[in-house]
Amino acid sequence: MLPAAALPWTLFFLGAAASLQVDIVPSQGEISVGESKFFLCQVAGEAKYKDISWFSPNGEKLTPNQQRISVVRNDDFSSTLTIYNANIDDAGIYKCVVSSVEEGDSEATVNVKIFQKLMFKNAPTPQEFKEGDDAVIVCDVVSSLPPTIIWKHKGRDVMLKKDVRFIVLSNNYLQIRGIKKTDEGTYRCEGRILARGEINFKDIQVIVNVPPSVRARQSTMNATANLSQSVTLACDADGFPEPTMTWTKDGEPIEQEDNEEKYSFNYDGSELIIKKVDKSDEAEYICIAENKAGEQDATIHLKVFAKPKITYVENKTAMELEDQITLTCEASGDPIPSITWKTSTRNISNEEKTLDGRIVVRSHARVSSLTLKEIQYTDAGEYVCTASNTIGQDSQAMYLEVQYAPKLQGPVAVYTWEGNQVNITCEVFAYPSAVISWFRDGQLLPSSNYSNIKIYNTPSASYLEVTPDSENDFGNYNCTAVNRIGQESSEFILVQADTPSSPSIDRVEPYSSTARVEFDEPEATGGVPILKYKAEWRALGEGEWHSRLYDAKEANVEGTITISGLKPETTYSVRLSAVNGKGVGEISLPSDFKTQPVREPSAPKLEGQMGEDGNSIKVNVIKQDDGGSPIRHYLIKYKAKHSSEWKPEIRLPSGIDHVMLKSLDWNAEYEVYVIAENQQGKSKPAHYAFRTSAQPTVIPASTSPTSGLGTAAIVGILIVIFVLLLVAVDVTCYFLNKCGLLMCIAVNLCGKSGPGAKGKDMEEGKAAFSKDESKEPIVEVRTEEERTPNHDGGKHTEPNETTPLTEPEHTADTAATVEDMLPSVTTGTTNSDTITETFATAQNSPTSETTTLTSSIAPPATAIPDSNAMSPGQATPAKAGASPVSPPPPSSTPKVAPLVDLSDTPSSAPATNNLSSSVLSNQGAVLSPSTVANMAETSKAAAGNKSAAPTPANLTSPPAPSEPKQEVSSTKSPEKEAAQPSTVKSPTETAKNPSNPKSEAASGGTTNPSQNEDFKMDEGTFKTPDIDLAKDVFAALGTTTPASVASGQARELASSTADSSVPAAPAKTEKTPVEDKSEVQATEIRHLQQK
């Protein structure tokens, strides 16, 4: 017990100690092996502490800054203990002690438990096993508490399969007895600790290796040596992993690297290719397949055969009638070849003997001999030795020469006649070659006494050419041949030929218009061939014989001839004679027959010729007897034999002798029936059958009528087409747009004005003619009926290629465009309203000025006929698509319009011809200057007083007849306008070819004259310039073309008729004042002059 005095102090310190509070957060901890964790020691209170210390489970104080177990003083009131990468030995009670000067020591503890998580210590993947072995899948699991192990395969517990082959061993390994390839896959080793609810698993790949199995595709292979061929030895192997293949020959490994020229392998080594097989390659070859599970091999025996080859032959020479000679032939090959002999005329088998025993053949092993006894000259020639076995054969020729004396052959008797050249042939057989001579009566030929004889020699014959002049040339001729073995002579007789005897007529088969004569050949030909047969016939009672010659070759084939051109129901006599080179022979006895009455024709004769394509045929129809009536046609029917339907019947005119049947079925039999028909009826059908060719897989090039073009030819053609296209485009640009290469050449080399020079030409007064063209002008007058937007009050439209240029200041419904294209003045009257237009001067003359021509139209006072005037019936028909329009009534008020003369060049020839009113309204008319002046004067008067009556003309044209009114479209396409070029005619031509004014008025549209077009003038022919003058003038003025004729005005004109006349011509010196121009016209001219 404590003393009483110490008790108060003890209570004091206990009270102080009790006042200190030390806590460790967390208060307890569990750490798995390998993990890290920290603990915080905290002190509650405001006193200052001297120290905060940590002690390990074994009582040792933990020092700061250790590597694995670290202690760190955070501040005056806390400290941290950190355990890194914990292990089992770190488990225990850790103590935190707090020391204070004022209050003493206080402490707190924490129990640190360290456990081992589930770990797979030994569970390799993959694990491989051999098929059929007992496999044990290893899986070692490490844990603080004993785990429960479960094996799964394909997501299921293997023990639930109830397969006795699967067993979990005591060490938790999985055993599979007699493992199969189907057992291969992924197995999961899964460990569980129930106390902690911990689970972990490891997937193990199980591979089952299968030992290789190998088999040879052919256990025995045959090959042929010395053919530069290759042989392939092949083995097929299975197994897992894929086995590797190696080869041996008679136990020795084959390496491709050692002899690449002899051996090669495919990509997996399963095929061995032996190149250029020879006899040394015959051996036993083994293919070996090997993998992880084992190896296996297969054997292939290669047997090499040799094609026969002739190794020895020898040419021989013998004398005729010599005792014997032997020909020898040796050959090699495997199997041993058999040897046969043959000549050019026969085959000689082994052990064969001729009937007379002259030829003997003996064979032994690889040698054969041919023995000839009592040699004859016919034994000479080529002997072929052939060695053959199951692999092939080989042949070699040897030659036997037999020397013998000459032997002569040839026809002994030769026929000819005086003057006919003939050859006497002396064929000579001799070895060595013989010298041939001809003799006549012991005299060597040729000689001076026989100038009509020539000799021609060849190596095998001699020909004596004789042209008999008289009886003396006929007789015996001797041929003699000599060589070093001997000589031979032969006599030949030249006999004078005679005409043939008569043929005999056996039977005559008459028809309506023909007769078929059967005959026998003459008994004697006269020594020379019969060339023709002459048939003669006449009707009973006629004195003259009709005759015809028939070729002997054709007549002798069937022994018949056919006489044609006979009359029905008429009795005839016929006789025959043969013709040879000597002449016509004896005539046979006549044979009488009577032709049949008119009837249906005989069936024609058919011949076929297959086409090159194989499925077409040309059937020739050969006419036979027509039955006394001309054949009208042939009826042709055909079909394939396997088909029940006939093709459509073909009617062939009698003048055509064949028909082509095309697009027939391939490899099919066809039958054709042809019937001839005349007025009396139809003949019996003629039948012809044929078969088409089999359908070719590839059509041969020869069937094509033309050979294919090569690549170079095709490229060349394309280049030519491209160049031609460029030329065409350039020419088009030249004529239409005045541009392109041709235009550049014309401008730079020929001095032609370019497109940019048009305005300049206008300013210089060059208008519409080039340097070398005529100075005679042409004025083209055209009637326009299309109303432009400007005249209709619509929006102004810019001119383009498809819209005409218009003149906005005129309000007239009908106007005519006047273009002065050359300095000559041309104009005329029209039954339309007043024609008006303003042009600038187009002359280079320094005195040229702007002139206004005014034309007015009024009814004539009197109609004065003119001899040159055209009647209405002579009017040219209206253009296609144009509607006739009636001229205006005579009471119409004349309208005045100024015309501009583009030339001040005078002309002395006044107009003499009266022009039809359609000329001016339809096309340009040629007028004299007097007429133009008269029109100008009238225009002037009209400008002063518009109501003044016009001056009547001296000459009038008869009124145009009225024509029915037709609706006309006021819109034209550029194509239609281009298709209707205006034409300028001379007065003479206009009088000859007047145009219909109403149809022209209805046609409407502005038509430009064709460029470079030839025009007939009174003084000759000239070409218009290749530029559009109207377009250039209005381009310079900055205005559009005159207004077109409105459709309404055209209909108004169509409802009335009127006469038109040419105003009286003023004096030649009379001028038209320019001051009478309207204000708008004056403004346009000033504008043009300023430019």
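Cβ from N, Cα, C; glycine included.
When Asn449, Asn914, Asn954 are looked up in Swiss-Prot, the one carrying the note N-linked glycosylation site is Asn449; the rest have no such note there, which does not rule it out for them.
In summary, of the candidate residues Asn423, Asn945, the record from Swiss-Prot lists N-linked glycosylation site for Asn423, whereas the others have no such entry there. According to Swiss-Prot, of the candidate residues Asn222, Asn226, the site noted as N-linked glycosylation site is Asn222. Cross-referencing Cys96, Cys139 with Swiss-Prot gives Cys139 as the cysteine bonded to Cys189, criterion being a recorded disulfide.
Asn449 (N-linked glycosylation site) carries neither a helix nor a strand DSSP state and counts as coil. In the predicted structure, the domain 'Fibronectin type-III 1' (499-598) carries a mean pLDDT of 93. The Cβ of Asn449 (N-linked glycosylation site) has Gln443 as same-chain neighbours under 8 Å, each 6 or more residues away in sequence. With respect to Asn478 (N-linked glycosylation site), the closest of these glycosylation sites in Cα terms is Asn315, chosen from Asn222, Asn315, Asn347. Secondary structure from DSSP puts Asn423 (N-linked glycosylation site) in a beta strand. Among the glycosylation sites listed here, namely Asn315, Asn347, Asn423, Asn347 has its C-alpha nearest to that of Asn222 (N-linked glycosylation site). Take the CB of Asn315 (N-linked glycosylation site) and look out to 10 A: across all protein chains shown you find 12 other CB atoms. Counting every protein chain shown, the number of other Cβ atoms lying within 10 Å of the Cβ of Asn347 (N-linked glycosylation site) is 11. On a Cα basis, Asn423 (N-linked glycosylation site) lies 38 Å away from Asn315 (N-linked glycosylation site).
In this structure, of the glycosylation sites Asn222, Asn478, the smallest number of CB atoms within 10 A of the CB marks Asn222. For the recorded site, Asn315 (N-linked glycosylation site), the DSSP three-state label reads coil.
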